[in-house]
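Notes to accompany the following structure.
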């Protein structure tokens, strides 16, 4: 048991993340006083894993814990304004991820000069832009940036409609069910466990957007495992394609998303491994139930009531697990989208719209790729996204002032108003519930009118 604990501590060590970043050509610009101290390597508080945030803490304590992803300390980090010595020297301060001593700030083969960049996005809660860092391998930087986008909500908001409008409604609506449950359970587990992000230094924060949220398990790793492998399992035998190709694509997708979270400094190796295993466990129990759930959503006359109340109840429960953060809004957004899609599938079934192919037509074969097919797919995507953007803007403009008025909350500062559960939950739920409904009902109806079906 002691060996297992030691191994888990090793996998959670932020220096392991830093070494992976160093291997991939990421260099920090930390000051001498803030990096490379041997004592940091063994400090549990610096790692943040043992800091648990309880719901009864004061506001001051909340803000302290919210920033725990940068470690318990608040080191003054100066930015370098002088020209960097790209060749390094024996007196340079230890850089992030170094196993010992100061590495030279050159490419591994000496041919690629480092580039100073800032973190990809500001902290979603504090607005902190983060500290500049150096990139020595631009290919890996762009590859892992793409990889992390494959696990972001913004990607799925585009990916799911594309599959729905251009490939297979049956597969897409079930894929959304998997996404909703995996992300919901992952977010709730994060709030229960309450572990902070890997400490910086030694870790370089290539991304800051999620830095104030909890870390264990990695929901990017969960979605990056559940979505590609569910897509493979749902299409296997339904569509004609080489199974080995489908499995390799799913595995590549999963590995790219998981490794990108370590590269960006957002998760420890333990967070990622736990996310993958947790996702597999959910799929083992959830995939066999998809037929039953989908049939209920389509055919039961009480389905609309159950769908609305269940997703709303799950949202209320998630808001009680912790104080306000952007992850609460993300959870409500995911639940609202899932509820909207489920309601639209029920309405379509009642009206005889978008029927699933009969079993005698299976397996389906992909049509020949031509200019007309690509143009139609692009046109559907453009028109559909424009409708969804307009829906979101309209509903947002109406919902936030209305909810603030109902609960007597000032709406002058929208960001502050949305920190109240009474505003954030109904806002996200209503807005993205409507968006999800339009994805599967209004937009396909518009396609049929424009002869884009």
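Using N, Cα and C of the backbone, Cβ positions are placed for all residues, glycine too.
As stated in TrEMBL, the feature transmembrane segment covers range 369-390 out of the listed 347-368, 369-390.
When TrEMBL is compared with the stretches 222-241, 302-321, 322-341, the one noted as transmembrane segment is 302-321.
Record note: among 184-203, 244-263, 244-263 is the stretch given as transmembrane segment by TrEMBL.
Looking at 159-180, 269-290, the range tied to transmembrane segment in TrEMBL is 269-290. Note on the transmembrane segment (425-447): residues 160-161, 164-165, 169, 173, 176, 311-312, 315-316, 319, 328-329, 332-341, 343-345, 347-348, 353-354, 380, 383-384, 387-388, 391-392, 395-396, 399-400, 403, 418, 453 of its chain, located 6 or more positions outside it, place their CB under 8 angstroms from a CB of the stretch. For the domain 'Phosphatidic acid phosphatase type 2/haloperoxidase' (173-287), the DSSP-based tally of helix, strand and coil residues reads 78 helix, 2 strand, 35 coil.
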